[in-house]
Amino acid sequence: MNKELTPEQIKEQKVYLEWGLTQKEYEYICDKLLGRLPNYTETGLFSVMWSEHCSYKKSKPVLKLFPNKNERVLQGPGEGAGIVDIGDNQAVVFKAESHNHPSAVEPYEGAATGVGGILRDIFSMGARPIASLDSLHFGEIDNARTKYLINEVVAGIGGYGNCMGIPTVAGEITFDDCYAGNPLVNAMSVGILDQSHIQKGQAKGIGNAVMYVGAKTGRDGIHGATFASADFADDKETQRSAVQVGDPFMEKLLMEACIELTNNHQDWLVGIQDMGAAGIVSSSCEMSSKANSGMELNLDMVPQREEGMSAYEIMLSESQERMLLCVKKGHENDVKKLFEDYNLEAVVIGRVTEGHDYILHHKGEVVTNIPVSTLTDDVLEEPSEERVPQRILDNKNKDTWVPQLSSAKETLEALLQQPTIASKKMFTETYDSQVRTSTVVGPGSDAGVIRIRGTKKALAMTTDGNGRFIYLNPEVGGKIAVLEAATNIISSGALPLAITDCLNYGDPNDPEIYWELHQSINGMAEACRTLDTPVISGNVSLYNENNGEAIYPTAMIGMVGLIKDVYRTVPSFVQNTGDKLYLVGKTGNDFNGSELQKLLNNKITGDLNDFDLEKVNSYLKNLLVTMEQGLVSSSHDLSEGGLGVSLAEMVFGTDKGIKVSLDMKKELLFSETPGRLVVSVSKDNVAAFEEIMGEDITEIGEVQVDHQLDITLTDDNFVAEVSELEKLWEEAIPCLMKSKD
């Protein structure tokens, strides 16, 4: 920790560079914004508020490409979370966040506090969190370090979420070498509220109180936002102090107190915001900026759990379980009493002021006096260079890779043991998916489904991201990411409403990485417009590199859908013997980036085939109509491993089997053409189903009594015992996790 250097020493020693500011930014702050040298505390404030994590200075120009409005959207990007109207004066609130860098350094706390932070975003909007999801990407399970990271991250997510009493109902876990040194830990939370309870993160009304509530402030997490905006080095031990430590029991109390305040005492409250990245400085500045007001804080009043904390440390701390409130003058004691009933501190630390200045007092001195806008609105945005990676240019000229297989059965057996495809039960069982007793469908299905109490409705939710596809073709891969999420939602019988995202990429200063970001957002934005799923919230996590090696560009899409009648929820597993099986969508030679390509070649190469998104959207809409009419018994989307893996998964955990005859060669059984599903339909509903779906379906077989997978292809056929396939699928990951390296 640097001692309190003078402004001149900061300039001379270039300390600001260590804190993440560039030379150009520092000079701009001195010469254009302040007309003087910033002091130690002010330099710290600029360094975190101008970090990519807080300012989006690199990504903002391309994030503007996303659609973020339609008739259902009540709150888009810019607040703690997005909000969508679901009828009956209710709304769903959701958001996703990344905690990648902290989880690589201190995986348990990194993952746990990622969950805690996203939950605070939800209840800061006035909503009660009803479900959590995650999207986790690790290196291959072939070394002790990766196994340690996996176990600790899963334990951290489960430990925090279970203590909070919020079910973890869905998610994904994938494995690729590129994530070995920089795992991705993306957390998503979903909440429900009455529309009359919606809150804003704003501090307006001259003389109104700024109140600090929750846990005391310590030295944990200082410069966490800067840490999240930089590349990794080998020596991660030195970065542990930037990782926060969570207390879920404190957060549970904080959540209940905040919900009581927002639901029952709105007349006391002006605004509320989570203290997340960059702690007090970020929450207070953002609340002032949104209200176009000033703020004056006395840092001596901030509850502190460590002695001798400087203004710099107090402002930059990312201690968990804290919120900032703007309370109407005269109601300070009311709020104090409410939080005391939950054994929580609530302290007035400042006031909303006239004008636009941000003033901080500490130990009798003014340690900061700058315009709010310099921290929030005047960030120096520089256009980024873009360059098409050579691998993309090379791939354009290559022939489509089509594998040569000797045995469909042996290939299926091998694919079911690929870690990305294999059962994740040993991890998901760590999570409580049934707490609150509203879970209709939990982990292991296409989407998690939560009943909305007091109504017939339910919400379906999913997280999906495939970095391999974006790596091979960012624009097409971006479209596939959104479509995969929508397919999962529709497969559950739900209408897709909107998305949140976590955009996990490498160093944006690399022109090739920035090109990947830009092109993939183009693809995602096109898909969002076509599917009418606006982006209502999200998160950008850049600098995901380890010693100069970037991860695959990985866009995680979190999507929520509405089921009008919970009794029309469609399961992912076959239900009735004799039901007809249909393949929805057409199958092509889509093997590049697939699990099959990785299995056979141990690497992914080539380009992706583009596809007709309008056509896919048209038949997905028709499929949803059939589901809402109760014509579909079960449905499962086709993703990793293609049709072969999906057919097997549909009978796992059941006592039934499947018999199909396919007009395709064995290789196509494992193609990963996007936008496809397998559905089962009872014989009574076949005529109505076929009339609605028309030419977009192919009858392929039926559900049978025998507990077997019986597949006939044009050049191969096999019968496999479901119990044997399921054993391979279930034991693959436990076996890898136990193996000696």
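Placed from the backbone N, Cα and C atoms, the Cβ positions cover glycine too.
What Swiss-Prot says about this one:
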type	residues	note
ACT_SITE	His53	active site
BINDING	Tyr56, Lys95, Asp501, Gly538	ATP binding site
BINDING	Glu97, Asn539	Mg(2+) 1 binding site
BINDING	Ser98, His99, Asn100, His101, Arg120, Gln244, Glu318, Ser319, Gln320, Ser541	substrate binding site
ACT_SITE	His99	active site, proton acceptor
BINDING	Asp121, Asp274	Mg(2+) 2 binding site
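Features as recorded by Swiss-Prot, highlighted on the structure.
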| residue | record | DSSP class |
| --- | --- | --- |
| His53 | active site | helix |
| Lys95 | ATP binding site | strand |
| Asn100 | substrate binding site | helix |
| Arg120 | substrate binding site | helix |
| Asp274 | Mg(2+) 2 binding site | strand |
| Glu318 | substrate binding site | coil |
| Asp501 | ATP binding site | strand |
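Shown in sequence order, Leu63, Pro77, Ala96, Glu97, Thr500, Cys502, Leu503, Val535, Ser537, Asn539, Val540 are the same-chain residues outside Tyr56, Lys95, Asp501, Gly538 whose Cβ sits within 8 Å of the Cβ centre of the ATP site.
Using a 10 Å Cα-Cα cut-off from Tyr56 (ATP binding site), the recorded positions that qualify among Ser98, His99, Asp274, Asn539 are Asn539. Considering only the recorded positions Lys95, His99, Gln320, Asp121 (Mg(2+) 2 binding site) has Lys95 as its nearest partner by CA-CA distance. Spread of the ATP binding residues is 17 Å (greatest Cα-Cα distance among Tyr56, Lys95, Asp501, Gly538).
Proximity to Asn539 (Mg(2+) 1 binding site), judged by a C-alpha distance within 10 Å, picks out His53, Lys95, Ser98, Asp501 from the recorded positions His53, Lys95, Ser98, Gln320, Asp501. A distance of 17 Å separates the Cα atom of Gln320 (substrate binding site) from that of His53 (active site). Proximity note: of the listed recorded positions (His53, Glu97, Asn100, Asp274, Glu318), Glu97 have a CA within 10 Å of the CA of Gly538 (ATP binding site), given in sequence order. Lys95 (ATP binding site) sits 10 Å from Arg120 (substrate binding site), counting Cα to Cα. Cβ-based neighbour count (10 Å, all protein chains) for His99 (active site, proton acceptor) stands at 32. Here the candidates are the recorded positions His53, His99, Asp501. The one whose C-alpha lies nearest to that of Arg120 (substrate binding site) is His99. With the fewest other Cβ atoms inside 10 Å of its Cβ, the least crowded of the binding-site residues Glu97, Asp121, Asp274, Glu318, Asp501 in this structure is Glu97.
Among the recorded positions His53, Asp274, Glu318, Asp501, the residue whose Cα lies closest in space to that of Glu97 (Mg(2+) 1 binding site) is Asp501. For the pair Asp274 (Mg(2+) 2 binding site) and Ser98 (substrate binding site), the Cα-Cα distance reads 16 Å.
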